[in-house]
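S.K.: First, the structure itself, so that you have it in front of you.
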């Protein structure tokens, strides 16, 4: 009994061990050293601690370089990369469930998992296509039909997968099959929904995509650096290597970084303008007159600070104030996405989600905080930034019958006349 107790994971109960036994035995997934041989040879004289530091550093610079390249290539490439990351993250999580619980004998498990991924993507991105490519959709008859009955088609597709799952149930595997059914749906909720929100943020302007992601990256790097050189006090048991020194150092570094990055990017229309589809050129455009959010304003410095900095006012972009909220979330709440992932990995006794990136683990290991950040940014925009969209109202207006359009026109005209707006326009 003592040896059995020692072999259990942290926080694991007897019922957990029994369930593991029923689902196929030990949940440990072996990991291997995936460091490129050229780096192993170059860093062979270093201790494991410094070797890991250099491997992580080199690969981090490579990933940052790749991030700059895809930003340069434009919105369409960014959306494609988001989709690829989503698929890879889904694959990593599903593979863990497949291996940990030895689901090799379950009929149709992997097929149904990927089928449900297709259904959910069709539902979410079909809505996005209708919203942002309205003119193109209305111009093509097949697209117009798909748009009109999109939700019914999505429900029919999901219902087909649901029936396939019920028909695939096998005696003596019921519990495991329902467990994996839930595993698939939770994965879809975490991965697909969040990636969809990332693309929605991108359409609001590339700055809403780049700044939040960059703040999470900065916080991850600076927390690691401060923790590596100054870390002494453990932060949380789920991640023994995380320290309070790294957490606090990452917070101040991220807020400063987000404030400076926002100042630089707010001056460029290619980053601040909403991403819109041009029907004449069949391409995305990011050209507009910058909103007040991205125009320099003069702010009074609090009296307490005036004696310190010897300034009374400062000129800055309003977006920089919002960037403080974004960077604060990225450094204080964002890491809990990583702690959640750490708890998940400890529950199944695995080091990383995969071995895709040497020194970093899988794609999901790099995006565990990004998905939480994407949800916050989307909620923040909807709550504090986005107002009614005239173009979308016009799109909906044009889909109405002529008598409905005439009724709305007369109602709006009467309202403007009552307020005295229409009369003043006619006099002018």
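Using the three backbone atoms N, Cα and C, a Cβ is placed for every residue, glycine included.
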S.K.: Looking at 62-84, 85-107, 177-199, 269-291, which one does TrEMBL call transmembrane segment?
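M.R.: Matching range for transmembrane segment: 177-199.
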S.K.: Would you mind telling me which of 19-37, 38-56, 133-151, 152-170 TrEMBL tags as transmembrane segment?
M.R.: 152-170
S.K.: Among the residue ranges 296-318, 319-341, I'd like the one that TrEMBL describes as transmembrane segment.
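M.R.: It is 319-341 that TrEMBL annotates as transmembrane segment.
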S.K.: Report the listed stretch (108-125, 152-170, 177-199, 243-261) having the maximum count of Cβ pairs within less than 8 Å of the transmembrane segment (205-231).
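M.R.: Most contacts with the transmembrane segment (205-231): 243-261.
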S.K.: Going along the chain, which residues at least six beyond the ends of the transmembrane segment (108-125) come within the CB cut-off of under 8 Å?
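M.R.: Apart from its flanks, the transmembrane segment (108-125) reaches 87, 90, 94, 98, 150-151, 153-154, 157-158, 161, 164-165, 168, 177, 180, 184-185, 188, 192-193, 196, 199.
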